[in-house]
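Only one structure is covered here, and it is reproduced in the block below.
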Amino acid sequence: MATKLANKKRPIIIGVTGGSGSGKTTVSRAIFDQLIGHSIMILQQDSYYNDQSEMTMEERAAVNYDHPLAFDTDLLISQLKTLLNYEPIEKPVYDYTLSTRSDKTIHQEPRDVIILEGILILDDERLRDLMDIKVFVDTDDDIRIIRRIERDMNERGRTLDSIIQQYLATVKPTYHQFVEPTKRYADLIVPEGGENQVAIDLLVTKIRAILEASGNKEVFDNPDTTI
């Protein structure tokens, strides 16, 4: 994995994937926290849901948001390539309340380490080819649905009934059709998500080795970081 960076300094992309509620965010944040002092950011695939502003709310409610076609992957790839050239991007903002892209964007400066997090980041070969390390967070289905219920009720204002209906209709079958098969592309499979400190420590050690090999090994007193 480090050979990609041996001859030319460029940002490193760490892909972290897994099913909804698997602990992707926890793992990504754990990596981020252990690399504080380096120039690092987290980029979430959820920010790149399609612009659905021309659709009615009823049409938006019928969309399968766990399907590869729900994402503007072309935009994500384009902006990743921009960041790889050490150029800034205007990152889209997804509005979960309206189920569409916001008119606002977030200015994002490039970083030496990019943690790319999302359920389907390993589905597209073009995305996989941009990554230096690919991680699949593997967590039991029962635990994932419990976490999803807690998150969607507490953070997104959804009802229990709507969450369960969506899970049975789209989330569960789509996971087994599209997400779980991408496990074969992973360099590292992390059982039990953010609870697996051994796997996280090994991953961070590997990232530090790649940073050193690529020349991006500086540690700053005032870290250049963002979520």
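The count begins at 1 with the first shown residue.
Including glycine, each Cβ sits where the backbone N, Cα and C put it.
Note that TrEMBL annotation is computational and uncurated.
Secondary structure at Lys24 (ATP binding site), taken from DSSP and collapsed to helix, strand or coil, is helix. What TrEMBL lists as ATP binding site is Gly18, Gly19, Ser20, Gly21, Ser22, Gly23, Lys24, Thr25.
Annotation source TrEMBL lists domain 'Phosphoribulokinase/uridine kinase' at 13-199.
The binding-site residues in question are Gly18, Gly19, and the one with the fewest Cβ neighbours inside 10 Å is Gly19. Summary of the ATP site environment: with the site residues Gly18, Gly19, Ser20, Gly21, Ser22, Gly23, Lys24, Thr25 set aside, the chain residues having Cβ atoms within 8 Å of the Cβ mean position are Ile119, Val137, Thr139, Arg144, Arg147, Gly193. Neighbour list (Ser22 (ATP binding site), Cβ cut-off 8 Å, at least 6 residues apart, same chain): Val137, Asp138, Thr139, Arg144, Gly193.
According to DSSP, Gly19 (ATP binding site) sits in a coil region rather than a helix or strand.
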